[in-house]
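Encoded as structure tokens, the structure appears first; notes follow it.
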């Protein structure tokens, strides 16, 4: 049976700030989705102040009816958010009306269409207070780094390598890179998660494994309106990464862009399902929703980051967060200017600085005339 799994998320309001959605907001989203006859099954939850809708159906990816259902559900949530005076009501809905596809309209989208296996397993990773590039490092560990994932050695399909599709989010273009031939190029791209992000992964013979949301909100709105808060789908088991291999790629809380006002680097903390965002400077968080599926019917989710061992990972993330925040505003605690310029306050400060700058007197020709040499 050919099934599509669509995971669509949006921030449409939080209690007292960017914390978590209200029960009224969630109920409004659930009522709208539950009333639809388009779906086989669905699950609705939240990560921080982002609501995610996981849907199964047979209509394929980028389907207008499915995307409109999610859009309408988020609009219903926005209506309640405004009635309740929630902060950031409708924040991620950057267009006035639906235009056939929620991509480019604010919500994050990850979708996979595939022939369902007899025991289909997949995990949804939903993040808050960060950007799509936050998944680059876990994806690298999952599909490239055999020190992190022994499956890349002992599993025949994974050992053959996968195809990683990488998007240049600043220029809206993609590259199809193949392991193991393109390994250095993949690594060079993933060095800068603010620009190059993994959009999807497939086997060398074209079987889809993973899909991730890639929209940057400031690219759509032209100014800072909140972090992008990505979501991704990863099929697991058999010829794909084991569920444990996929999950363990989040056990080293790496530094990601995001945090309060989207202006800092902080570690990505794995948290339990339906966790609010912290008000301890808003540490970026990620949840793992582990599902089984048969004929499009969902069982789960199991809370992938709920077991006791993840408490120690959370303590590591907390220590790293405190260490970074002790550096204050000095880079790399804060983002590079290219990312901060979308914040109006930062732009205005830079305009003042620029107005006070005067050129240096001519000090002779620039450069030494030496040819380029590789760094030692």
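Just so it is clear, glycine is given a Cβ too, placed from its N, Cα and C backbone atoms.
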Residue among 261, 272, 297, 314 sharing the dihydroxyacetone phosphate site, where Swiss-Prot lists 18, 129 as binders: 261
Matching range for Swiss-Prot feature annotation, region 'Disordered', among 337-356, 357-376: 357-376
49, 50, 229 bind Mg(2+) 2 per Swiss-Prot; candidate in 128, 168, 182, 303 listed for that same site: 128
For the recorded positions 11, 49, the one whose C-beta sees the most other C-beta atoms within 10 angstroms: 11
Among 18, 129, 261, the one of these binding-site residues whose Cβ has the fewest neighbouring Cβ atoms within 10 Å: 261
Candidate recorded positions 11, 129, 261, pick with smallest Cα gap to residue 49 (Mg(2+) 1 binding site): 11
Structural state of residue 261 (dihydroxyacetone phosphate binding site), classified by DSSP into three states: helix
Greatest inter-residue Cα distance in Å for the dihydroxyacetone phosphate-binding set 18, 129, 261: 10
Alpha-carbon spacing, residue 11 (active site, proton acceptor) to residue 91 (Mg(2+) 1 binding site), which is rounded to whole Å: 6
Cβ neighbour count within 10 Å of residue 91 (Mg(2+) 1 binding site): 23
